């Protein structure tokens, strides 16, 4: 296992270097001058220009430039945002918690609803139930997320007027950021309106998180169902049945833990798509977050924000997909066999 | 002397025919297949069928509701948008942009992914690991981020969507084909062929490939639906097809201004995207279940 972890760590490092290489090459192709694209300062004074040239080794050869670029970026200096002239790293760390909040809520909805439904779909012998669950999941899988978001906000936000359709909280509340997670910050807020602010934050997250949850939900249902169908045929389930165990016990104790392994694996594979969807959802519901920040960055041709955002988001996704792979291996002894067999 | 009948049926279906029979037994999959054929026809002949040109503006029929509404007319079957452009014609003209583009992207990334995936699948050790894992992890970057990078360099446009979505789709093919080839390579019949003296190209093409095609086909259907959704999403964010273009995602974003007064300008292109992706997914699902007895 130790050797495996070292190999995954190597993979993470190698991927990060490759990612920085890609960003370095693309930065060279941005249709602006190089010091501007690197630092975000539009009209640098001569001392600033000197600083930029020194920092990024602009007079050196490509390799020196690349090393200087990698050092600066990994050292946390992502340059200044072209539009706001604030450090990009500051804006990124401010925007990240909001996106994590949305992703966590959507992921929880998907797993907490998807796994039970998948189990029910696999246990049901009724053709109608099976077909309707499959039809619903297939439709959910095919819906364009931007259109779903618009339709939901049109129905529940505008026509029924039940839920707010934009932002993270009503503008009446001035919540001091502590963790960056609105749901936690409102509870930490030292005010008599704490509970109503929390309720408001919850109302604001319902529509975006449901929109975002549709894709992972359908995937979880389908994978859980097919995994359960395979597992319920296994001899050890028959043995448990022969021992006279209750169906509930068999499903929960013997079948479900094994059925969750492929679900975990597919979540890792889905991460990229999920992140794309999360960014679109943030734009539609005008929520603060990395997605809306990056998309407005590209509208304004904010080259430093684009580089910093892409680097940050891509590294987070790579980290999580490797983490899920490691977890998958740790939980699944069968895949460990493969590691030792492989050279 | 009469022919000896060993089997009860005279005709023994080939594996291909068996797959087709299993596929045709599923009515939903068959429905999806018909819908995909219709879409293909529309993508090719759409511009000839369309009653109006996609940019033709009718100042007398602004924001006309669809024909089933009381105030709609049959001339503009699905209504018009805020410039008086016929939505039905725009959908037909957009079919080859959204659907045809998706097919082209998938074909290109299939070829590239097939080459890289089969090379890395046939190789062992570090080289294979570098090719597959690195590409794998690096390109698990969301397609939207890639699109943002591409747009930052080349500016927005439908051509650049080709690169963004294509680069995002390729690793999926690489991953699927690498795994399939790698799995087959460990099986005994491959060892038998090697012992017979087949070189690695023969092993790859004549021994392994016939067992990998199913994976390739299933992955292709998945990729087509993903490509349509990606193209539409980029069009919606104004990073792909630009304003007057009848690409379906761009049509949704153009209808956004009138969402409250004329919801059909958003709903109808959205339903078109939903139906085409659903049709492809139905076919893919049907194929997967038809092929599964063979694959296991």
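Each Cβ is built from the backbone N, Cα and C atoms, and glycine gets one as well.
Whatever TrEMBL says is automated annotation, not expert-curated.
Per TrEMBL, the listed range annotated as transmembrane segment is A:102-123 (candidates: A:102-123, A:168-189, A:234-255). Taking every listed stretch (A:9-30, A:102-123, A:201-223, A:263-285) in turn, the largest tally of C-beta pairs under 8 A with the transmembrane segment (A:135-158) is reached by A:201-223.
Where the transmembrane segment (A:201-223) meets the stretches A:9-30, A:102-123, A:263-285, the count of C-beta pairs under 8 angstroms peaks at A:102-123.
Same-chain neighbours of the transmembrane segment (A:102-123): 129-130, 133-134, 183, 205, 208-210, 212-213, 216-226, 228-229, 232, 251, 256, 259-260, 263, 274-275, 278, 281-282, 287, 289, counting only residues six or more beyond its ends whose CB sits under 8 Å from a CB of the stretch.
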